[in-house]
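Feature list (source: TrEMBL):
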type	residues	note
TRANSMEM	A:22-43	transmembrane segment
TRANSMEM	A:55-74	transmembrane segment
TRANSMEM	A:104-124	transmembrane segment
TRANSMEM	A:182-202	transmembrane segment
TRANSMEM	A:233-252	transmembrane segment
TRANSMEM	A:273-296	transmembrane segment
TRANSMEM	A:316-336	transmembrane segment
Amino acid sequence: MTTATANKVKAPKKGFKLDRQMIPTLAAVVIFILMMAMGQAMFGTYLRLGFISDLFIDHAYLIILAVAMTLPILTGGIDLSVGAIVAITAVVGMKLINAGMPAIVAMIVMLLLGAVFGLLAGALIEEFNMQPFIATLSTMFLARGIASMISTDSLTFPEGNNFDFIAEKIKLIDQPKAAHDLSINLGVIIALVVVVFGYILLHHTRTGRTIYAIGGSRSSAELMGLPVKRTQYVIYLTSATLAALASIVYMANIGSAKNTVGVGWELDAIASVVIGGTIITGGFGYVLGSVLGALVRSVLDPLATSFGVPAEWTTIVIGLMILIFVVLQRAVMAVGDKK
Amino acid sequence: MAEKAKAQGNTLVKKLLGSNLTWSIVAFILLVIVCTIFQHDFLALSWNTTTGGLAGPLITMLQESARYLMIATGMTLVISTAGIDLSVGSVMAVSGAAAMQTLSNGVNVWVAILIALALGIVIGCINGALVSLLGLQPFITTLIMMLAGRGFAKVITSGENADASAVAGIEPLKWFANGYILGIPANFVIAVVIVALVGLLCRKTAMGMMIEAVGINQEASRMTGIKPKQILFLVYAISGFLAAIAGLFATASVMRVDVSKTGQDLEMYAILAVVIGGTSLLGGKFSLLGSSIGAVIIAMIRKTIITLGVSAEATPAFFAIVVIVICVMQAPKIHNLSADMKRKRALKAQAKAVAA
């Protein structure tokens, strides 16, 4: 993933001249390499194939959420409801499976439910002029509240379901020691497909171009005759549906669902996007950066465990990281303005 | 003469009908009526001789509303500058955790209160500095603070739920939450006094106008000689301070802090109170009285939910629906729609008059 980003750094500007807006992304690359190197040097397990496999398998959901969050942030908006949508779709999906529905039906219902919340957010923003963060804050409370009304218990899969095929590990490199196996599962493949989807959507479609245009200046985009309203709907619909997809992957992976799952995930997703170099005010950024940000965020957890840092500190560290990167963005922009 | 008086009466009625406050009070009375239907002694008040105060469902409602009054007041000022403070709930957790933890470590109760309030101000100042000096977006700054603040509260108590109910000498703090002044809950009285002080500060000095000016157009306000950075810094600091008081109210009633639940979702309640009070989320004009009534209505809605026996889990969904409905009603589209209807009706009346 790092090589892909590095290629992109050079792509827009020919020659070796570095775009100053790339600085945050480069910083993220450096941080990721430093974290991995530190983990490897101190604990010696971080470059094992098994560790890398687990990193991807355990955080496939976060990669999906990071891609989802990139779209609204690129327009200068935000989607705070992703974590709550994960919760409500997980609870509803688990209830359906326990009621004897086939897994595929449950998955479709979950995706549709996510789409409904996305549509609601889009309508509130576009039809009723609500600010994106207020609109998605209300859908977040709505989704979380309904999830809690349905069930507050920890639900698990019944015997003999066919849902966890998503979490089935596929060994790519089989070695005598399990810690050296390179394995992936369908969840990781789904995440990679989502990344490719996000990349194509943003960089090779008209919708993607409109998204960047809205982020640059919404009124200019409207004056140019771009379909701003429709694009806004597409953005919030996509981010909510992807959140439901993340829920499917996560649920299959851990095998249970609860109404409190996904609390604070919107912040993890925002952190991934911001660390990956997408400007929080919109107009500049890319999906691959967000994937890199998600990886940085993912390595934090094992690092914290290795160092024996209590869980409560990780939230402070994540908060600080978002802050540092937002300030960095601000500084980079300010320097650019002066020039 | 009679006609003139009638016309004047009509304009008064129109003014009343057009005012946000009237509708808030109507909503409040409706809620009380609903509660009374479901629980016949809802309005009953009795004198509790052991606590020396009034007792009854309405009184517990007022007791709970004190914390909403505090955060709603801070939120009003912040929203008026076209910002938002999502960290109020976490600040409550931090101040509550600080007070409870220091108390159980044997610190004097007044020192504990001071530490809790100081922490609130510090977090508010950090928010203010990031928003005003660095020019970060308010919602992302305070969102970070909301996350980090809750982590910080957990760090203070090392992840436990600190309990100070068995500590000696905590009476003053307990009185803040459970005591009475002339039979009325002390925390409600304190909250009203603080809101009144903030109101005086805003309306008897130029403060309020400056805040509104910053909210309407920051650049224009700077050109008229207002220092928007100072104003922004100030409103976030005030919001942090008031949230810390709310945190003391919330934890002192049971002398226990639940680091993951204290203040949870309360940023939403505060925003809702402000919106009910008629302050636009886009900044500009604000009404502290409106927000205060909004805060009491929030407490009343919570009381209604409990009285009706709806499960506590449903509360966030319910509040989300209320926010959505109010925001939709404030939307320009709906306003235009009602204006359109009025115009059409006037045209019809005109046509009728011409025909006659």
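First residue shown is number 1, and so on along the chain.
Cβ coordinates come from backbone N, Cα and C, glycine included.
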Listed stretch, out of A:22-43, A:104-124, A:182-202, A:233-252, A:316-336, that has the most CB pairs under 8 angstroms to the transmembrane segment (A:273-296): A:22-43
Spatial neighbours of the transmembrane segment (A:22-43) far in sequence, C-beta under 8 Å, 6+ residues away: 2, 5-6, 9, 275-277, 289, 292-293, 295-296, 299-300, 302-303, 306, 325, 328-329, 332
Chain residues in Cβ proximity to the transmembrane segment (A:104-124) (below 8 Å; excluding those fewer than six residues from its ends, i.e. six or more beyond): 79, 81, 85, 88-90, 92-93, 96-97, 130, 132, 135-136, 138-139, 142-143, 163, 232-233, 235-245, 247-248
